[in-house]
Every structure is written in C-alpha cells, then in structure tokens.
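K.L.:
Pasting the feature list from TrEMBL:
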TRANSMEM  12-34  transmembrane segment
TRANSMEM  46-67  transmembrane segment
TRANSMEM  73-94  transmembrane segment
TRANSMEM  137-161  transmembrane segment
TRANSMEM  176-195  transmembrane segment
TRANSMEM  215-236  transmembrane segment
TRANSMEM  256-276  transmembrane segment
Amino acid sequence: SLSTGLDLPGRFLFATLTLMTLIAILVFIEEAVYIYRKIPSSKRSIIIWINAAAPVISTTSCIGMWVPRSTMFTDFTAGIFFAIVIHKFLLMMIKECGGQKLLLRRFENSRFTISTGPCCCCCLCLPRVPITRQTLFWLKLGTFQFAVFRPVLIFLSIVLWTNGNYVLYNLSPKGPAIWISCFIGVLTLFALWAVGIMFRKVRILLTCKNIIPKFALYQFIVILNHLQTAVINILATQKIIPCAPPLSSTARGSYIAQQLLIMEMFLITVISRVVYRRKYHDLEPPECVAEEPEDKKQTP
C-alpha cells in the first residue's frame with residue numbers, strides 16, 4: 001500500500017491529517033450531544049444533520065487518503081450525504097421562521113426574488129413570485145429532488161463502474177461519465193438556486209439567529225467539496241499536476257484534493273460549533289413584530 005512506502009514527512013502529514021479528522025469527529029459528537037439536550041425537538045435532527053456535513057466529508061476524505069482504491073466510494077458517500085444536507089438547510093430556514101404557517105403569515109404580502117444565483121443572477125427581468133404554500137412547495141421540491149436523484153445516479157455510476165463502463169476521468173461523449181456528471185450538475189444548480197431564493201428572503205428576519213454566518217459555512221462546504229475538487233481533478237487529467245511515482249497525475253490530484261478537504265472541513269467543524277452552539281431566542285409571533293426598521297434592529 002502507499003502508506004508503507006511513505007518517507008518520514010509523508011508519515012507525519014498522514015498522521016496529522018488523521019488526527020485532525022478524529023478531532024473533528026469528537027467535536028461533532030460533543031456538539032450533537034449539546035444540541036440533543038438544549039435544542040427543541042422540532043429543530044434537533046435538522047441542525048445535527050447540517051453540523052455533520054463537514055465531519056462526514058473529512059472522514060470520507062481520510063479513508064480515501066489511506067485506502068486509495070476506495071476513493072470512488074468515499075466521494076460518492078460524501079456526495080449523497082451533502083445532497084441531503086442541502087435539503088435540510090432549506091428546512092432549517094423555514095423552521096427558524098417558526099415553521100411554514102408562520103412564515104406564510106410573516107410574508108403574506110411579500111414576494112420571492114428568483115433572479116438570484118447560481119441559475120438566474122443575471123436575469124434581472126424575471127418577475128417576483130408571490131410567497132404562497134405552492135411556491136414554498138416548489139422550493140422544497142427543488143432541494144428534495146437533489147436528495148433523491150443524486151443517490152440514484154450515484155448508484156447507477158457504481159453499477160456501471162463495477163462493470164467497467166464508467167471511467168471517472170473519461171470525458172468522452174461516448175462514455176456515461178460526462179452525461180451523468182452533467183445531469184448531476186444541473187440538479188445541483190436547481191437545489192442551490194432554491195436555497196438561495198429562500199435565504200435572500202429570510203436573511204434580514206433571521207439576522208438575530210446568525211443565519212448569514214451559517215449560510216456562509218454552508219456555501220464554503222459547497223464550493224470546497226464540489227468546485228475545488230472538480231478544478232483539481234481537471235488539472236490532474238490535463239497533466240498540469242505532474243505525476244510523482246508511484247502516483248499518477250490523477251492519483252496525485254485525488255490525494256491533494258483529499259488532504260485539502262480534511263484541513264478545510266476541520267476548520268469548518270470548529271467554526272460551526274461556535275456558530276450553532278449559541279443560544280438564540282425564538283422570533284416573536286408575526287402580529288407582534290414591528291414594521292419599522294428601527295424596531296427590527298432592536299430584536300434580541
């Protein structure tokens with residue numbers, strides 16, 4: 001195996017990254033116990049799911065680093081888990097507003113701005129959509145479809161891979177990898193678009209619950225887990241990342257991506273503990289909320 005052929009600096013790096021992964025897991029377990037004891041049951045499981053995203057990605061990256069042949073399975077596991085987390089984040093924003101009924105009462109005369117990223121940030125001419133039960137259903141469907149279809153597509157990829165038909169770095173139009181990747185990319189954009197529409201509407205109302213730092217952490221996980229890994233894989237397939245025997249270019253790119261993710265997810269885990277551990281007051285009922293901006297600033 002690769003670990004037996006490492007020199008002293010390589011062994012130190014592997015040991016340090018493994019220790020960071022173990023610390024991230026312990027921090028998450030401690031945080032999960034705190035959430036289970038202190039957070040109301042209606043929000044408990046959602047917040048635990050969201051907090052688990054960074055430790056799970058760190059763990060799968062660590063396993064892939066030690067067992068190179070498991071990389072495809074670990075990447076797919078992290079992808080499936082994060083697809084569910086995107087749906088959970090949308091549900092968390094609705095829960096923090098008091099649930100769907102209270103959210104509809106708070107914004108009964110308001111509208112969603114759908115000209116937002118990542119799909120329609122340049123389409124400023126798009127109409128604003130009334131906030132109704134039906135539009136909330138479509139937003140939840142936008143993230144739910146990703147949580148359902150991505151595991152199905154990943155399962156299909158694994159079946160094709162075991163049969164020798166799916167090659168991850170083969171971007172030929174004749175191969176299934178490019179088509180499955182493009183379809184997953186479209187589903188991802190729609191899911192992120194739904195979350196962006198909801199966040200743009202509730203960010204001022206939920207400022208008292210630190211929704212902006214929470215959304216920033218979620219965005220960092222999206223960018224690092226998807227965009228950063230994709231860029232490194234493209235550089236590796238184009239031989240821009242040179243091979244270093246016994247590692248090929250693609251294998252070395254995979255190692256670089258995994259090691260970066262372990263360090264980044266460790267930092268996000270620690271920061272998430274600080275952001276989510278604070279005690280936040282529940283929002284007042286809609287009829288008690290003042291309309292003036294000055295009064296909104298005084299919300300605890």
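Going from the start of the chain as shown, residues are counted 1 onward.
Every residue, even glycine, has its Cβ placed from backbone N, Cα and C.
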K.L.:
Under 8 Å for C-beta pairs, could you tell me which stretch among 12-34, 46-67, 73-94, 176-195, 215-236 has the largest tally with the transmembrane segment (256-276)?
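P.N.:
Answer is 46-67, with the largest number of Cβ pairs below 8 Å.
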K.L.:
Please identify the stretch among 12-34, 73-94, 176-195 with the greatest number of Cβ pairs below 8 Å relative to the transmembrane segment (215-236).
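P.N.:
Looking only at 12-34, 73-94, 176-195, the most contacts with the transmembrane segment (215-236) come from 73-94.
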